[in-house]
Amino acid sequence: MLNDKAIRQSKIIYWSSGIVSICGIIFEVLFGALGSYILGDGVKQYTLTISLFLTGMGIGASLSEKFMRNLIIKFVWIEFCVALIGGFSSFIMFGITAFAPAGTDAFYLYSITLIIGALTGVELPILIRKANEIGVTLNKSTARVLFSDYAGGLIGGVLFVFLFRPYFGMVKTAFLVGLINLTVALIVLWLFRKEIRHFIVHAVIGGVIGVLLIAGLFFGEEMAFNFEQKLYQDPIIHMEESSYQKITVTQDEKDIRLYLDGSLQFSSVDEHRYHEVLVHPAMANVETPENVLILGGGDGIAAKEVLKYQDVKQVTLVDLDPAVVELANENRHLLEINEGALMDEKVEVKNMDAFQFLEDTSEWYDVILVDLPDPNNESLNKLYTKEFYSLVRNHLKPEGTLMVQATSPVFAREVYWTISETISSTNLNTENLHVDVPSFGNWGFVMASREEIDLDIMEIPVSTRFLTDDMMPALTAFGKDEDQQIPNFELKANTLIDPHLIQIYEKAWENY
């Protein structure tokens with residue numbers, strides 16, 4: 001039968017187990033998010049970080065067999081290490097990305113993931129042994145510590161998704177979680193102080209770590225911002241981290257640029273070239289374009305071009321991230337570019353997944369414009385599949401027209417023609433177009449309809465800055481190094497079952 005002191009100590013151990021588990025899972029998913037943002041390909045990065053973290057836990061658990069005495073002070077020092085290393089992890093990652101040679105950031109991220117995983121793996125066996133040492137039977141100590149650990153894992157994941165990432169960002173989150181680890185260590189240190197030699201020395205060291213973490217919490221994000229500025233050619237004037245992505249706006253004199261997770265979305269100097277080709281051939285191919293659907297395009301620029309047509313009665317814009325739409329409606333630089341298009345009474349904005357929207361809606365559209373980010377992760381890749389384009393076709397009126405941004409036929413030749421082949425596989429007639437956009441390079445589009453498309457007779461009935469009637473046929477001319485005749489490459493449709501486009505995309509862009 002446990003006495004009151006042993007009961008109190010065992011409760012401390014169980015609570016400590018749950019809290020450090022919360023911290024561990026937050027660090028685990030934080031490293032995945034860091035890898036996804038900085039290195040790209042979210043599925044790959046989350047897979048690697050989770051695997052490395054679990055491997056580290058296994059290594060730590062194996063090493064813990066050597067820890068049989070002085071368990072509390074060993075636990076305290078493990079928490080000190082997790083707090084310091086984990087707390088500064090995001091801050092250092094941004095610094096390495098800005099200043100170190102290519103590849104160093106990946107090596108650092110994977111190393112830090114393994115180290116934090118190993119430290120986390122040591123914690124549980126120590127706590128189980130300590131609970132057993134104070135009188136709790138082994139079966140009870142194991143069950144209760146593991147219960148606290150697993151329950152903490154769920155709580156940590158939920159907290160990261162709904163609290164830490166959207167409200168604190170990656171740098172502050174790491175420092176905050178490090179402070180939580182440190183707090184657990186200091187509480188345990190105090191409550192078990194009678195068992196610990198040189199208590200004051202350990203407490204002072206913990207205090208120093210606390211000062212460093214608090215300094216990082218208040219000043220680290222600003223310094224990391226300066227690191228991140230090195231990744232952009234122009235000064236950053238706006239940066240936020242939404243629930244879905246990091247949104248960055250830069251300015252150099254009159255050049256306003258929007259980046260999502262570090263990928264350029266447009267430059268105000270030449271965006272008209274991109275958006276006019278995206279919008280006007282499709283709109284001009286329909287006699288009376290009354291009902292228009294835009295998938296993506298949360299910056300509002302495509303909507304601005306669509307609203308030039310007097311026949312348009314309804315524009316539905318579907319963009320997953322409400323933060324992008326909010327920025328487009330409130331930032332004075334973006335408002336100047338999109339002319340407040342998203343606030344027009346004809347425009348209805350829906351913040352939801354494009355795939356889900358098409359599954360749910362019963363509407364038919366005269367024109368559908370697909371202005372989505374490139375297929376650089378699994379979530380986006382599904383929006384470049386035969387299944388997705390089949391849904392698009394099913395909501396296209398018989399005489400309607402589809403236009404899809406399809407990456408670069410020069411830099412990502414195989415990607416561009418795979419997207420074209422995928423759209424063709426839905427029994428739509430396609431026309432391939434491309435245009436030079438200085439900030440992007442040569443950029444490609446795929447136009448599709450149930451009817452034959454003839455750009456030779458097409459006329460644009462609205463004002464433009466770049467595109468003319470005479471130019472439209474020229475958009476379909478591809479050079480030998482960018483056409484469909486790709487040596488040693490088999491074109492096949494991208495599907496949900498065989499999502500090979502993402503691998504093609506990674507390979508195409510790895511040198512750019």
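Backbone N, Cα and C atoms are what each Cβ position is placed from, and that goes for glycine too.
Outside the transmembrane segment (19-39), and at least 6 residues removed from its termini, the chain residues within Cβ reach (under 8 Å) are 45-46, 48-50, 53, 79, 82, 86, 89-90, 93-94, 97, 105-106, 109, 112-113, 116-117, 120, 123, 148-153, 155-157, 159-161, 164-165, 170, 173-174, 177, 180-181, 184, 246, 261-262, 377. The transmembrane segment annotation in Swiss-Prot covers 19-39 (among others).
The transmembrane segment annotation in Swiss-Prot covers 48-68 (among others).
Here Swiss-Prot flags 76-96 (among others) as transmembrane segment.
Residues of the same chain lying 6 or more positions beyond the ends of the transmembrane segment (108-128) and with a Cβ under 8 Å from any Cβ of it are 13, 16-17, 20, 24, 27-28, 31, 34-35, 38-39, 48-49, 52-65, 67, 71, 74-75, 78-79, 81-82, 85-86, 89, 92-93, 96, 100, 138, 141-142, 145-146, 149. As annotated by Swiss-Prot, transmembrane segment applies to 108-128 (among others), with the evidence given as sequence analysis.
The transmembrane segment annotation in Swiss-Prot covers 151-171 (among others), and the record cites sequence analysis as its basis.
Residues of the same chain lying 6 or more positions beyond the ends of the transmembrane segment (172-192) and with a Cβ under 8 Å from any Cβ of it are 9, 12, 16, 19-20, 22-23, 26-27, 30, 72-73, 75-77, 79-80, 82-84, 86-91, 160, 164-165, 199, 202-203, 206, 209-210, 213-214, 216-217, 220-221. Residues or ranges marked as transmembrane segment in Swiss-Prot: 172-192 (among others).
Summarising the annotation, Swiss-Prot assigns transmembrane segment to 199-219 (among others) and lists sequence analysis as the type of evidence.
Looking only at the domain 'PABS' (215-450), the predicted model's pLDDT averages out at 95. According to Swiss-Prot, the domain 'PABS' annotation covers 215-450.
The region 'Spermidine synthase' feature in Swiss-Prot is assigned to 217-457.
Other Cβ atoms within 10 Å of the Cβ of ASP319 (S-methyl-5'-thioadenosine binding site), summed over all protein chains shown, number 26. Following the DSSP three-state reduction, the secondary structure of ASP319 (S-methyl-5'-thioadenosine binding site) is coil. The S-methyl-5'-thioadenosine binding site annotation in Swiss-Prot covers GLN245, ASP319, ASP353, ALA354.
Same-chain residues at least 6 positions away in sequence with a Cβ under 8 Å from that of ASP299 (spermidine binding site) are, in sequence order, LEU258, GLN265, PHE266, VAL324, ALA328, LEU334, ILE337, ASN338. According to DSSP, ASP299 (spermidine binding site) sits in a coil region rather than a helix or strand. The spermidine binding site annotation in Swiss-Prot covers HIS275, ASP299 and rests on sequence analysis.
The secondary structure of ASP371 (active site, proton acceptor), as reduced to three states from DSSP, is extended strand. As annotated by Swiss-Prot, active site, proton acceptor applies to ASP371.
GLN245 (S-methyl-5'-thioadenosine binding site) sits 23 Å from HIS275 (spermidine binding site), taking the Cα positions as reference. Across the fold, the C-alpha of ASP353 (S-methyl-5'-thioadenosine binding site) and the C-alpha of ASP371 (active site, proton acceptor) stand 13 Å from each other. Between the CA atoms of ASP371 (active site, proton acceptor) and ASP319 (S-methyl-5'-thioadenosine binding site) there is a gap of 10 Å. Neighbour count (other Cβ atoms within 10 Å of the Cβ, all protein chains): 29 for HIS275 (spermidine binding site). Among residues of the same chain six or more beyond the transmembrane segment (151-171), those with a C-beta under 8 A of the stretch's C-beta atoms are 17-26, 29-30, 33-34, 37, 90-91, 94, 177, 216, 220-221, 224, 241-243.
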